[in-house]
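According to Swiss-Prot, the feature compositional bias 'Low complexity' maps to 1-11, 25-34. The annotation compositional bias 'Pro residues' is assigned in Swiss-Prot to 12-24, 35-45. Per Swiss-Prot, S-palmitoyl cysteine is recorded for Cys159, Cys161, Cys163, Cys164, Cys166. For 1-58, the entry in Swiss-Prot reads region 'Proline-rich domain (PRD)'. Under the heading motif 'SH3-binding 1', Swiss-Prot lists 7-15, citing sequence analysis as support. Residues or ranges marked as motif 'PPxY motif' in Swiss-Prot: 15-18. The feature motif 'SH3-binding 2' is assigned by Swiss-Prot to 21-27, with sequence analysis given as support. Annotated motif 'SH3-binding 3' per Swiss-Prot: 66-71, in sequence order, evidence recorded as sequence analysis. Residues or ranges marked as topological domain 'Mitochondrial intermembrane' by Swiss-Prot: 1-266.
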Amino acid sequence: MAGYLPPKGYAPSPPPPYPVPSGYPEPVALHPGPGQAPVPTQVPAPAPGFALFPSPGPVAPGPPAPFVPLPGVPPGLEFLVQIDQILIHQKAERVETFLGWETCNMYELRSGTGQQLGQAAEESNCCARLCCGARRPFRIRLADPGDREVLRLLRPLHCGCSCCPCGLQEMEVQAPPGTTIGHVLQTWHPFLPKFSILDADRQPVLRVVGPCWTCGCGTDTNFEVKTKDESRSVGRISKQWGGLLREALTDADDFGLQFPVDLDVKVKAVLLGATFLIDYMFFEKRGGAGPSAITS
């Protein structure tokens, strides 16, 4: 103000000991415009005694954990550890149904709760299927849902009948393929179908005893799984009745296999092989020779 004079005794304040900025600082370009170089983000230095941790972000996936096999369980048979029932469904083949031409059998396996366990496929030549019928030699490959072969069943050619103790049927069980874990051996009996469940050293572990008449009409046909001295039953192999038309026109059968949940996995696998052998011996029609249940 023109002509303003400070009052008497007024003295100006001394300057501060720190620099006084003049004007406003230039703003930091966090989002540079066109033609401007991006400004790197400045991370403040950590306070004394504190470490600086990186900000959370996507973590790169590491290598997969190595698979640890269960002790005493062949690789691929882990699905047998926690189950006590297997349902086996044989697929119906149209060529076999309408033309009577014997084809390789195909099966689906599920647990008692409906969980898919895998598929089994027969491998045999056409001449053996036509000439030997249900007695034909074959190889069955059982693959898990990932199409990995985990079990192999081998049946050699044995010509014989139940009325004499020669040419008894047999099946070898391998898991993994190439490693024998047991055998299924038919035991001679004049009236009853009997089988011995053997371990890799061909020592008996269990017995399977069937009924005198296996051609059940309207009911299931049960084969009891018993201890090796046949004193008590520990499981069952059941051929389930599929209906009059299906039983008369097709060879497609349904089986149920029951065993204790704490049974050795290898013995469970051999019992599975026994189920397939029973299907071929008693419920598979012979090529041009009538039902195998009469002559096996």
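Just so it is clear, glycine is given a Cβ too, placed from its N, Cα and C backbone atoms.
A C-beta separation below 8 Å, combined with a sequence spacing of at least six in one chain, links Cys159 (S-palmitoyl cysteine) to Arg135, Gly167.
Neighbour density for Cys166 (S-palmitoyl cysteine): within 10 A of its CB lie 9 other CB atoms from the protein chains shown. For the motif 'PPxY motif' (15-18), the mean pLDDT of the prediction comes to 64.
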